[in-house]
Amino acid sequence: MSLRRSIYKSPAQMRLMLAPGLATAASLDAARAAIRAGATTLEIDVAAEDAILALGGQPNFKLEQGYHHTVCASVNDDVVHGIPGRRILAAGDLVSIDSGAILDGWNGDAAFSFVIPDPTRPELVAERQKLSAVTEQSLWHGIARLAVARHLNEVGEAIEDYVEAQGQYGILTDYVGHGIGRSMHEAPPVFNYRVRQKGPDVKPGLVVAIEPMVVLGSIETYVRDDDWTVATSDGLAAAHWEHSVAVHKDGIWVLTAEDGGAAGLAPLGIIPMPIQ
Ligand code: MG
């Protein structure tokens, strides 16, 4: 017996995570619609916040000590934790938006990357789009593995195997995914790469945020002078995709996707199942 809270949730608790998951998804849809050359990252933040409030949620990033925004907006060589502000987005920028909502005490957390079109620099855009696509697909491979895994750290194996097969990319090791529930960040850690330990059993009640961060160059990072923004040391671009995913008795359900992840998982032979 342990007095620590179990990492496994009940079906009723997982059903309570559907609403914050969908509010998180809506905020990312709104953010995506606001991304264009000439927009500030603060405009994207406001769009995301409005979407969460409209669904009765609150931005949970604002509950983090010292953080005052709905999203993190990380551009080009910024990997994660970029603070929205007056920065004006430009054609060709690779923009990563991470957002989360809390509703009735339960949390969602998800992220995507997007490259703003730039017809004058097709090679740069193609390189960054491929980076984002590789990162997104590595996420889906990780989620698909979760659906069949015995131990959680198989997720990182799947992500690493997929990324390695795509070419010269690096997977960040300074930051990892996490359990999610009443807190946005809970045990257990979710590695995006192979580790020696097997990790906890994958069984009904496990709810995790899987969030690979993939770079074009070195995986070395530093934190900028704002004390938040994580940037690549070599200045090369990074991408970040994330979903919150529940394991339940009938299968898995991606809480931060309106279709439960059906579209992303279909090519990998996994059919998400609603939480009963
Ligand atoms: Mg997260």
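Note: Cβ is positioned from N, Cα and C throughout, glycine not excepted.
Annotated features in TrEMBL:
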- 1-25: signal peptide (SIGNAL)
- 21-248: domain 'Peptidase M24' (DOMAIN)
- H81, H185: substrate binding site (BINDING)
- D98, D109, E242: divalent metal cation 1 binding site (BINDING)
- D109, H178, E211, E242: divalent metal cation 2 binding site (BINDING)
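Cα spacing between H185 (substrate binding site) and H178 (divalent metal cation 2 binding site): 6 Å, rounded to the nearest whole number. D98 (divalent metal cation 1 binding site) sits 10 Å from E211 (divalent metal cation 2 binding site), taking the CA atoms of both as reference points. Taken together, the residues of the domain 'Peptidase M24' (21-248) have an average pLDDT of 98.
Among the binding-site residues H178, H185, the residue whose Cβ has the fewest other Cβ atoms within 10 Å is H185. Ligand 1 lies within reach of D109, E211 from the binding-site residues H81, D109, E211, judged by a C-beta closer than 6 angstroms to any of its atoms. D109 (divalent metal cation 1 binding site) sits 10 Å from H178 (divalent metal cation 2 binding site), taking the C-alpha atoms as the reference points.
DSSP gives H81 (substrate binding site) a coil state; it is part of no helix or strand.
Between the CA atoms of H178 (divalent metal cation 2 binding site) and H81 (substrate binding site) there is a gap of 16 Å. Taking the Cβ of D98 (divalent metal cation 1 binding site) as centre and 10 Å as the limit, one finds 26 other Cβ atoms among all the protein chains shown. Within the same chain, residues at least six positions away from H81 (substrate binding site) with a Cβ under 8 Å of its Cβ are C72, S74, D98, V223, W228, T229, V230.
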